[in-house]
Amino acid sequence: MPYKVKDISLAPQGEKKIRWVQEHMPVLERIKSDFSEEKPFKGVTIGSCLHLEPKTINLGLTLQAGGAEVAMTGCNPLSTQDDATAAGAKMGLNMYGWRGETNEEYYENIHRVLDHEPEILIDDGADMIFLVHRERPELLDGIIGACEETTTGINRLRAMAADGALKFPVMAVNDAYTKYLFDNRYGTGQSTFDSIMGTTNMLIAGKTVVVCGYGWCGRGIAMRAEGLGASVIVTEVDPIRALEARMDGFRVMKVSDAVKEADILITATGNTDVVSESEFMNMKDGCVMANSGHFNVEINREALEELSRETGKVKEDIEVFIMPDGRKIYLLAEGRLVNLASERGQGHPAEIMDMSFAMQALSARHLLQEKPDPGVYRAPDEIDLMVARMKLDAMGIEIDELTEKQRLYLENWEEGT
């Protein structure tokens, strides 16, 4: 199998990591077993643009077990784990990617995956989907559809569909209950602080943590910050989410006011310039900033650099920016996705990604079976419920079922008081 990775000799180390996550991804392992018998992807090429680490390699192996030829590249220049890509290549996957890619290399690797002429795409952030529309239109007729993992990617694709520019169907895997209620909330909450604490060795208890954005990712971050003993401030542009954050017990204020108190500031909005010039001018001395959104646009690093009288690297993944008045502001992982782009970041726990990648695998099979028209589609409820039931089963949990009388009662509109 063709591959382009940093060091193929790292494969044994990566294989150990993959075997470990497989033991903690029982739903995906069950699907892998089913796929190995059914071969739903026999003769199909699947191209993915995902964070290349042990859990995503396991997804690739699941698709491979289903008969697919799989080509994989990374969706972030800093999130690739080189031992995992080496192991994936040794296991028969077409791997393209390494940690520390330049922007040019990043897009070259996406093109390398597209050179395999995939019929199904699995994307995280929609860069591959956009690239095939803009630069490889000759491939569009051969693409059955795609699955998108993130809120950011789905927002971009819905805008594309609204303009009539989307040429094939996309399954919004992010909109599945078994994805966003767990991956976005519990996964992001835990992995964000795993990475921040591992990178900085800071104590969270007693700190003021500002969380920009109160979607499902922001909720998870705020919840974990509070659990670690921090005082939490939430910033929002949506009045309903802001009200919800206040009712959940957090202080709510404008970003411009919150930065004056922030010991740690974390962005999770999916939008651009959330923290920029005016915020940097008023930011508390010693504030540590991190981004948990998909793209590195939420914290305006360029503006921060221009405002600074001096910049430097404190240690791996920690930059310092010294302002004209002597204040120091710290930025983790270049403002990229901190839970994966940081050297210490391992991404979400395997038990969480078990559900998200189960949804990816089953949604890809659904695309192949149904071949819907171009557009953005929510994954069918039956797939969502199937994944939830398999996860409960793997956890040894049994739940009740409605009796026939209860079912009829819920369906009957005539009964009242």
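Cβ from N, Cα, C; glycine included.
Summarising the annotation, Swiss-Prot assigns substrate binding site to Asp124, Glu149, Lys179, Asp183. Glu149 (substrate binding site) falls within neither a helix nor a strand when secondary structure is assigned with DSSP, and so counts as coil.
Counting every protein chain shown, the Cβ of Cys217 (NAD(+) binding site) has 28 other Cβ atoms within 10 Å. Classification of Cys217 (NAD(+) binding site) by DSSP places it within a helix. The NAD(+) binding site feature in Swiss-Prot is assigned to 150-152, Asn184, 213-218, Glu236, Asn271, 292-294, Asn339.
Looking at Thr152 (NAD(+) binding site) and Asp124 (substrate binding site), their Cα atoms lie 9 Å from each other. The residues near the substrate site, meaning same-chain residues not in Asp124, Glu149, Lys179, Asp183 whose C-beta sits within 8 angstroms of the mean position of the site's C-beta atoms, are Thr150, Val173, Asn174, Asn184, Ser356, Met359, Gln360, in sequence order. Note on the binding-site residues Asp124, Glu149, Asp183, Glu236: the fewest other CB atoms within 10 A surround the CB of Glu236. The two recorded residues Cys217 (NAD(+) binding site) and Asp183 (substrate binding site) have their Cα atoms spaced 8 Å from each other.
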